[in-house]
Amino acid sequence: MNFTEPSPLAQSTVVGFLPELESLTPVPSNETSCENWREVHHLVFHAANVCFAVGLLIPTTLHLHMILLRVMLSIGCTLYVVWATLYRCALDMMIWNSVFLGINILHLSYLLYKKRPVKIEKDLGGVYHRLFEPLRVPPDLFRRLTGQFCVIQTLKRGQVYATEDKTSVDDRLSILLKGRMKVSYRGHFLHNIYPCAFIDSPEFRSTQMHKGEKFQVTIVADDNCRFLCWSRERLTYFLESEPFLYEIFRYLIGKDITNKLYSLNDPTLNDKKVKKLEPQMSLSTQISMLEMRNSITSSSDIEDGLHHFLRGSSSTASLPMSSPQQRASPKMKPIEEGLEDDDEVFVPVSPAHQLP
């Protein structure tokens with residue numbers, strides 16, 4: 001058997017590596033390498049972390065939650081930059097915290113810009129405080145609504161806003177700012193329109209189902225009037241992109257149509273009186289509103305239905321009648337507005353429930 005003897009060069013190489021291998025001491029994997037803890041950092045470091053903790057503990061229900069959070073984060077990043085520069089001498093920590101500080105300052109500036117007081121024009125202040133502010137519409141959103149595609153127009157006394165069977169209802173939607181307008185149909189006076197009320201809300205609702213219609217009434221300025229006028233098409237596109245404002249308009253227009261129905265029953269009723277009488281409308285008012293709705297909806301022609309209601313109202317108004325509060329029986333239940341059918345208003349009593 002042949003044996004190969006190691007060369008002297010290989011032996012010297014192995015012997016040379018032995019001292020280096022002996023100097024290496026492996027670290028067990030189940031023990032920590034932090035045997036000696038370093039000293040506690042400077043107070044500035046702890047103050048920065050306290051600011052971060054306070055910012056994260058701010059409740060989200062607080063109105064200025066995001067602003068306070070960004071303020072505390074900005075203060076904390078500033079203290080970190082000071083600590084890394086003066087006490088740690090760490091360039092990388094200073095750079096990263098400077099970047100975080102810049103981001104927080106930019107976001108804080110944006111939040112403060114959004115919270116700035118928005119100035120509303122004097123002519124539009126009454127409309128905002130009366131209609132939109134109670135529904136929590138922000139001033140900046142109202143300014144967007146009234147600043148892009150609407151104009152303020154004027155009408156002198158006697159000038160016509162819309163003529164029945166001639167003026168298209170597809171062009172505009174308006175709110176009266178100042179003055180008073182008179183609405184009539186075939187020469188019959190219907191009701192007045194007062195400030196902070198929509199001029200053509202029924203027509204706006206009808207055009208959502210049918211296009212190309214004409215005004216069924218004539219609207220004339222009974223005084224020098226100023227009104228806010230939107231382009232119907234552009235307003236529709238804007239409301240489609242703002243679901244919140246879309247629901248606000250649906251509510252306001254529905255309420256305005258209801259007030260106009262009350263005014264049909266009493267032409268001298270203004271907006272303030274309607275607001276006071278809404279919780280306690282008399283029985284005759286509710287009956288006349290149901291008659292008007294049924295007359296219009298049951299007729300194939302809207303003009304014939306409204307004309308039939310006007311003739312019935314004028315004939316009944318000429319008869320001497322006592323106060324409805326005096327004639328109404330205390331056992332009679334009030335009629336709900338949601339009932340649209342006359343057959344559902346008065347329900348016959350079953351013989352089983354009649355007294356012997």
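Cβ from N, Cα, C; glycine included.
According to Swiss-Prot, the feature compositional bias 'Low complexity' maps to 313-323.
As annotated by Swiss-Prot, N-linked glycosylation site applies to Asn2 (among others), with the evidence given as sequence analysis.
Feature annotation from Swiss-Prot assigns N-linked glycosylation site to Asn30 (among others).
The phosphoserine annotation in Swiss-Prot covers Ser295 (among others).
Annotation source Swiss-Prot lists phosphoserine at Ser318 (among others), citing a large-scale study or a structure entry.
Swiss-Prot lists 93-115 with the feature region 'Required for interaction with CAV3', giving similarity to another entry as the kind of evidence. With a cut-off of 8 Å between Cβ atoms, the residues of this chain six or more beyond the region 'Required for interaction with CAV3' (93-115) that come close are 66-67, 70-71, 73-74, 77-78, 80-81, 84-85, 140.
Annotation comment: Swiss-Prot describes 136-186 as region 'Required for interaction with KCNK2'. Averaged across the region 'Required for interaction with KCNK2' (136-186), the predicted model reaches a pLDDT of 90.
Positions annotated as region 'Disordered' by Swiss-Prot: 313-356.
Per Swiss-Prot, topological domain 'Cytoplasmic' is recorded for 114-356.
Sequence annotations record features per position, and here Swiss-Prot assigns transmembrane segment to 49-69 (among others).
Packing against the transmembrane segment (71-91) from elsewhere in the chain are residues 41-42, 44-45, 47-52, 54-55, 58, 97-98, 100-101, 104-105, 108: each is 6 or more residues past its ends and has a CB under 8 Å from a CB in it. Feature annotation from Swiss-Prot assigns transmembrane segment to 71-91 (among others); the stated evidence is sequence analysis.
Feature annotation from Swiss-Prot assigns transmembrane segment to 93-113 (among others).
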**Asked** In the region 'Required for interaction with KCNK2' (136-186), how many residues does DSSP assign to helix, to strand and to coil?
**Response** 9 helix, 22 strand, 20 coil
